[in-house]
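Structure incoming, see below.
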Amino acid sequence: MRIALIGYGRMGKAIEEILIQRGHDVALKISRTPNPEELKNIDVAIEFSIPEFAYNNLKVLLENKVATICGTTGWLDQQEEINQLAIDNNTAFLYASNFSLGVNLFFELNKVLANMMNKYRNEYQVNLEEIHHTQKLDAPSGTAITIAEGIIEKTSYNTWSMEDKSEDSIPVEAKRIENVPGTHIVQYNSAVDTIEISHTAHSRQGFALGAVIAAEWIWNKQGVFSMKDVLELN
């Protein structure tokens, strides 16, 4: 495939390395919004930029009928519009807060545990902690938000917050520490014990490989997808 990398930071470089290993042509790599001329003959775009640029990048890509996967977080208030753009232009779009196989399995495990714990809400208080490198701009991470939404889906909690301490809110704590690729911890604490599940990334390679697998999967498809489709977790 001919791939466009939109966002050529650390993650973009890690993705490029895997793309080349798997025989793909990295035809475009930029850290700005592409112009239509640059997108001719591009099969799939992989968008890993920053929240402020994501919407414009995605709009240009989809309006030019480029199948796109996006790993940028912090722009999701505009996701419905972007999803509709993909549909209107007969192309494909896949957003994931995290492309790692392990994290996506963790998302499912989190929902199973949340479903089990819901009947014990009076005994156990849930809390969520995420730790990332200091270059990560959004807090909490998109992955942490997905985890919190999974708990809300399976329990009587109705929101999450980094500040609100009400009984109906899941407390979320975000930490930024140098050279930490990503750690997410879900705890259920009672007076007598703690039940905990966690996912710890050892490098960016898992995220990068997942993004490449998603790009390979989405090629020549139409519609709006998620990593659950790619990994057949539905």
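Quick reminder: no glycine exception, Cβ is built from N, Cα and C everywhere.
Straight out of TrEMBL:
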ACT_SITE  Lys136  active site, proton donor
BINDING   Arg32  NADP(+) binding site
BINDING   Gly71, Thr72, Thr73, Ala96, Ser97, Asn98, Phe99  NAD(+) binding site
BINDING   His133, Gly142, Thr143  (S)-2,3,4,5-tetrahydrodipicolinate binding site
DOMAIN    1-99  domain 'Dihydrodipicolinate reductase N-terminal'
DOMAIN    102-231  domain 'Dihydrodipicolinate reductase C-terminal'
Between the Cα atoms of Phe99 (NAD(+) binding site) and the residue listed as 'active site, proton donor', find the distance and write it as a whole number of Å.
16
Please report the DSSP secondary structure of Thr73 (NAD(+) binding site), reduced to three states.
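It is coil.
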Would you please pick out, from the recorded positions Arg32, Lys136, the one with the fewest other Cβ atoms within 10 Å of its Cβ?
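Across Arg32, Lys136, these recorded positions, the one with fewest Cβ atoms within 10 Å is Arg32.
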Please report the distance from the Cα of Gly142 ((S)-2,3,4,5-tetrahydrodipicolinate binding site) to the Cα of Ser97 (NAD(+) binding site), rounded to the nearest angstrom.
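Per the Cα atoms, Gly142 ((S)-2,3,4,5-tetrahydrodipicolinate binding site) and Ser97 (NAD(+) binding site) stand 5 Å apart.
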Rank aside, I only need the closest one: which of the binding-site residues Arg32, His133, Thr143 has its C-alpha nearest to that of Thr72 (NAD(+) binding site)?
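Smallest Cα separation from Thr72 (NAD(+) binding site) among Arg32, His133, Thr143: Thr143.
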Which residues, sitting 6 or more apart from Ala96 (NAD(+) binding site) on the same chain, put a CB under 8 Å from its CB?
Ile69, Cys70, Gly71, Asn104, Gly210, Ala214, Ser226, Met227
